[in-house]
């Protein structure tokens with residue numbers, strides 16, 4: 001009588017496939033968690049650099065709080081840091097993904113990507129005006145007198161744009177996870193030629 005190889009049994013194959021899927025999910029979860037923690041650290045760095053950005057000399061005193069764009073940059077970096085930490089904790093939890101959760105990550109990642117991009121863009125414009133000046137709006141070249149202030153502002157803005165890149169990557173990831181896992185089934189009404197896409201959790 002020919003002996004059956006236990007390793008090739010359907011049950012063993014199923015268990016092996018399940019273990020492999022769990023390993024892949026754990027690896028993916030760890031990678032996404034780290035990807036969400038990186039912008040948190042960057043946001044805190046940009047925030048701290050800008051908060052400490054004050055210079056006083058013979059020409060007077062200048063602080064980040066004197067410029068609305070830089071205040072906005074600080075607030076947005078704080079919000080993004082908090083969201084990054086919260087989302088990293090949620091992703092790190094070993095629980096099955098659901099449709100509402102996938103949609104929440106997708107929408108929040110998209111919104112914060114544009115918010116942090118706007119903060120970086122507006123701050124860049126203000127820093128450019130401080131460096132080059134603009135005679136039409138009587139804006140002098142402040143960086144000539146406050147070089148240290150402008151240098152710290154530049155560092156904070158550069159870090160912020162690195163955060164933008166991280167959030168763009170997160171947006172792509174959350175988009176892929178949502179639309180690859182949850183297809184939109186189409187309901188067709190006979191005789192009317194009407195198709196409606198529906199989602200199920």
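Heads up, the Cβ atoms here are built off N, Cα and C, so glycines get one too.
The topological domain 'Cytoplasmic' annotation in Swiss-Prot covers 1-30 (among others) and rests on sequence analysis.
According to Swiss-Prot, the region 'Disordered' annotation covers 1-27.
Per Swiss-Prot, the feature transmembrane segment maps to 31-51 (among others).
What Swiss-Prot records for 52-72 (among others) is topological domain 'Extracellular', and it gives sequence analysis as the kind of evidence. Below 8 angstroms of C-beta separation, residues 119, 122-123, 125-126, 142, 145-146, 148-149, 152-153, 156 of the same chain, each at least six residues beyond the ends of the topological domain 'Extracellular' (52-72), sit close to that stretch.
Residues or ranges marked as transmembrane segment in Swiss-Prot (evidence: sequence analysis): 73-93 (among others). Long-range contacts of the transmembrane segment (73-93) within the same chain: residues 29-30, 32-33, 36-37, 39-40, 43-44, 46-47, 50-51, 64, 101, 105, 108, 112, 115-116, 118-120, 122-123, 156-157, 160, 163, 167, each at least 6 residues beyond the stretch ends and with a Cβ under 8 Å from a Cβ of the stretch.
According to DSSP, the secondary structure content of the topological domain 'Cytoplasmic' (94-101) in residues is 3 helix, 0 strand, 5 coil. Positions annotated as topological domain 'Cytoplasmic' by Swiss-Prot, on the basis of sequence analysis: 94-101 (among others).
Positions annotated as transmembrane segment by Swiss-Prot: 102-122 (among others).
The topological domain 'Extracellular' annotation in Swiss-Prot covers 123-152 (among others), and the record cites sequence analysis as its basis.
Taken from Swiss-Prot, the feature transmembrane segment applies to 153-173 (among others).
Here Swiss-Prot flags 174-201 (among others) as topological domain 'Cytoplasmic', drawing on sequence analysis.
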**OP:** Could you tell me what the rest of the chain brings near the transmembrane segment (153-173), counting residues at least six beyond its ends with Cβ under 8 Å?
**Re:** 32, 35-36, 38-39, 42-43, 45-47, 49-50, 53, 64, 70, 73, 77, 80, 106, 109-110, 112-113, 116-117, 119-120, 123-124, 127, 130
